[in-house]
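Trainee: First, the structure itself, so that you have it in front of you.
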Ligand code: SF4
């Protein structure tokens, strides 16, 4: 059986044709699915005979809700979902004034080994299919009973380590026949896989690219991000400029501040020199302390001073609004707690 969410409209049209049905049935099926009707038997403008065939060949792979946590101020919900094969993934829904945003996972686990991240502790189990990415949004919409208008690929997994599936997901999520979420409402976050950033730039999409930089030099970066052994910051800056040239989009550099590692005034000055005159924005993230690592959070004063130095160098800087800290909302923490059978706060 095939997860119908893994198919784009053209593929489903071809399937209809080769199974003796009119191609326009594919559009009808898409209309139902992406309006959150996820049972073939409820698609009442489709003849029973076609519904029967659909049920024989396909399933609609919506994940099972295992756990749900809502932050105290009600602006963040974190879900632990079970995929068809029993693997667990997380996604987070954040309510903003401008609408609902979801952070989805692109892999079960991750093999990138970033020290500050709980998702990578057990390694990478498998890639998530395009349909399983879409299903996180469909399921979350059902749960909150509202539309989701912004998508961030920043949960478990490195999206560019699962490039083809992510590209197909983007096609369907953006399509007016799919979830119809505009490219400018989608953000992809990468730890900096340089050749894939270049390949992505060549698609010339209007998607926001967020690069996890987290250090002003390779010597510091390699201490928390093994990917720094493969690609230097100089290469990341070069490919970022290429992305900006191609797409005319502003890049976001994510920078998790860790006490004593990358949060000094000199670090802020070095970072400013790297990013000078680039169409970019820096998002400072006071790092989440996780049980399995020894990283310590920067003091509020150091965070403020770091921001001040960047802004003095005309670099737009924000400090990430902390949402859901009381429910282990940081990447991978809920799944790990569940696997280890721990009680959450
Ligand atoms: S931060 Fe992202 S790339 Fe790094 S280990 Fe975690 S999920 Fe993977």
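Glycine is no exception: its Cβ is also placed from the backbone N, Cα and C atoms.
According to TrEMBL, the protein has these features:
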ACT_SITE  90  active site, proton acceptor
ACT_SITE  331  active site, S-methylcysteine intermediate
BINDING   110, 114, 117  [4Fe-4S] cluster binding site
BINDING   157, 158, 189, 212, 213, 214, 288  S-adenosyl-L-methionine binding site
DOMAIN    96-326  domain 'Radical SAM core'
Trainee: Nearest by CA distance to residue 158 (S-adenosyl-L-methionine binding site): which of the recorded positions is it, out of 90, 110, 114, 117?
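Mentor: Nearest in space to residue 158 (S-adenosyl-L-methionine binding site), counting only the recorded positions, is 110.
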Trainee: I need the CA-to-CA distance for residue 213 (S-adenosyl-L-methionine binding site) versus residue 117 ([4Fe-4S] cluster binding site), whole Å please.
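Mentor: So the Cα of residue 117 ([4Fe-4S] cluster binding site) lies 14 Å away from that of residue 213 (S-adenosyl-L-methionine binding site).
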Trainee: Going by a 10 angstroms cut-off between Cβ atoms, which of the binding-site residues 189, 212 has the sparsest surroundings?
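Mentor: Checked 189, 212; of these binding-site residues, fewest Cβ neighbours within 10 Å: 189.
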Trainee: Relative to ligand 1, which of the recorded positions 90, 110, 117, 189, 213, 214 have a Cβ found under 6 Å from one of its atoms?
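Mentor: Going through 90, 110, 117, 189, 213, 214 in sequence order, those close to ligand 1 turn out to be 110, 117.
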Trainee: How many Å lie between the Cα of residue 214 (S-adenosyl-L-methionine binding site) and the Cα of the residue listed as 'active site, proton acceptor'?
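Mentor: Checking the Cα atoms of residue 214 (S-adenosyl-L-methionine binding site) and the residue listed as 'active site, proton acceptor' gives a distance of 23 Å.
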Trainee: Return the member of 90, 110, 117 nearest to residue 157 (S-adenosyl-L-methionine binding site) in space, with distance defined Cα to Cα and candidates limited to these recorded positions.
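Mentor: If we rank 90, 110, 117 by Cα distance to residue 157 (S-adenosyl-L-methionine binding site), first place goes to 110.
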Trainee: What does the structure give for the C-alpha distance between residue 110 ([4Fe-4S] cluster binding site) and residue 90 (active site, proton acceptor)? Integer Å is fine.
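Mentor: Counting only the Cα atoms, the answer is 13 Å.
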Trainee: Using only C-alpha positions, which one of 90, 189, 212 is spatially nearest residue 114 ([4Fe-4S] cluster binding site)? These are the recorded positions in the record.
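Mentor: The answer is 212.
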Trainee: Take the C-alpha atoms of residue 212 (S-adenosyl-L-methionine binding site) and residue 90 (active site, proton acceptor) and report the distance between them in angstrom, rounded.
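Mentor: Cα to Cα, residue 212 (S-adenosyl-L-methionine binding site) and residue 90 (active site, proton acceptor) are separated by 20 Å.
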Trainee: Where residue 189 (S-adenosyl-L-methionine binding site) and residue 117 ([4Fe-4S] cluster binding site) are concerned, what is their Cα separation in Å, rounded?
Mentor: 14
Trainee: Can you tell me how many other Cβ atoms are located within 10 Å of the Cβ belonging to residue 117 ([4Fe-4S] cluster binding site)?
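Mentor: Total other Cβ atoms inside 10 Å, all chains included: 25.
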